[in-house]
């Protein structure tokens, strides 16, 4: 099950067996990825872009006829991440539904979707898999590993797990660990999905069921943490939705309609089991696990570090980037993007982002 | 169905028929309330306390043997709201489940619970009903009407609907209208309840079903808006729950357990239909409805106004109290409670609240 990953340029690496951090083993793991630009003969120009919770490897269009990517204005010839100069790689996270092995994939044993049999994975498991892709592509060290939100957390793990393979690290709107607030928001979303009777304990695909209500509700909750209250109020206020659709009551507000639209969009492009697996992976994100304290964990990093916060981010507030900064051996400071968009500013404030990247990693 | 309203001191007023703001009519409406202290012969010492979304008329214990109330430390002999001096009244909101007619009440027609037949109500409908209680008790004008959260919104409506009957008004952690952010959070909670198959379109009681999952999830979402992220992180961090309960996985965090506990507590004491009806009433709260702009609506108030915000409130941020302040003919300023607790500070920061009330309404 590959959802909305344009198949034309999607590439697959069969990586064989993967031993997970938990000790469990996944057989025959496939990693889906896309590349943009050309790798320099000395392999020095490779940039790894890490996607967020529900995105995929399609970070940008490959040509004019191609579908837009989730960070389109940031990546391309002459763009902030310039594919005329850099070889850009974006891989779908382990457990996702954009081509990489996940709960909706066929299990090697019986060919049925993994469903409830798919094991819990961690962001570190994702990095382990992606290191195989770097080997495959002949990339000894990434010029830059960059990501926002879950992608930022994964980028951070890359620089800690493989310090010698990451020359520059950009962490955007992401923490060193998910704190109690973020664990709690994840909890509400997991309950929304898993208490939908259509979820069937995770085996809905094999049973021909579809937990759309649960996934849609999880997305609505998540989306509210992605945006900022005053942005929503500026855009929608108390305006009612004016439609003539039957059954629509007068108290249906425009912001309700907006949230319902966000929910429908996700339900149409994303797998509920992947959402649960990745939500747990992000919830369990903690660079200190098994590494002592925060300074010890972050002290492993050899990359030059760029930290970027969004001032209105109510999911990962700037204080969490400042915490990373303070714990680094040479605190680089935190760049702040000013945005009305809240956390989602990392997907939208391209100009500010481009300026920061031009002044730091791509200087 | 009266949940957790200690019956011993609960009083009932049969108010007959109630014409709602929507034009619909509710027959034989009962209002449940409690009183504390003694009404002065001239009726000048009556204080109306308005409860929040899931509270009830039991604002404080009536004696040492009585169950604690939701604002216990604030109300009693010698307390901030001194029942030796004041006659305190607290009534259960229309649509609630603390004794006042609501969706779980028996319908006069067939004796079965109203369920889906219970009409939408507004905070103004609640005030209309409570004005009958004031008539019944012989209270021409309230010395003070005070409330926090939904109670503050209702207190505001009291002072606008009956300016001559409210001498002092205290609005605590409540807005002049629910904005898009608050409408959106309400939307997620309504979906959580109404998409639970056990809800049965609202008729679960008559059918012997119980939408516990949906109500519990709504409460978890709401509770996260009631608290502040850094409070949760200080209290729980990433600590796991250490129990030996079977089936509990290592990734069950203390903050998950805390949220689950909050959900269970509410499910055991509150009706899902009331939760939906009151959530809609609060969502539809807008003092400007049918009254022109904010200045015109608030310009009707004759009471002396005290506005109190909580600095960490992420449900009703201080800016919404400041907005009321700016729109009042004589802006009284906004008192700010400093709290780690977020919105729920209105239920917990008794000392700061007492000091503000002593300096203003009870000076």
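For all residues, glycine too, the Cβ spot is worked out from N, Cα and C.
Please treat TrEMBL annotations as automatic predictions, because they have not gone through curation.
According to TrEMBL:
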DOMAIN    A:45-330  domain 'AB hydrolase-1'
ACT_SITE  A:149  active site, nucleophile
BINDING   A:219, A:344  substrate binding site
ACT_SITE  A:313  active site
ACT_SITE  A:343  active site
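Feature map: TrEMBL annotations on the structure.
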residue : record                   : Cβ contacts under 8 Å, 6 or more apart
A:149   : active site, nucleophile : A:52, A:53, A:172, A:173, A:174, A:315, A:316, A:343, A:346
A:219   : substrate binding site   : A:262, A:263, A:266, A:267
A:313   : active site              : A:173, A:228, A:342, A:343, A:345
A:344   : substrate binding site   : A:226, A:227
Take every residue in the domain 'AB hydrolase-1' (A:45-330), average their pLDDT values, and give the whole-number result.
-> 96
Could you check what DSSP calls residue A:343 (active site) once collapsed to helix, strand or coil?
-> helix
Ten-angstrom check, please: count other Cβ atoms within 10 Å of the Cβ of residue A:343 (active site), all chains counted.
-> 25
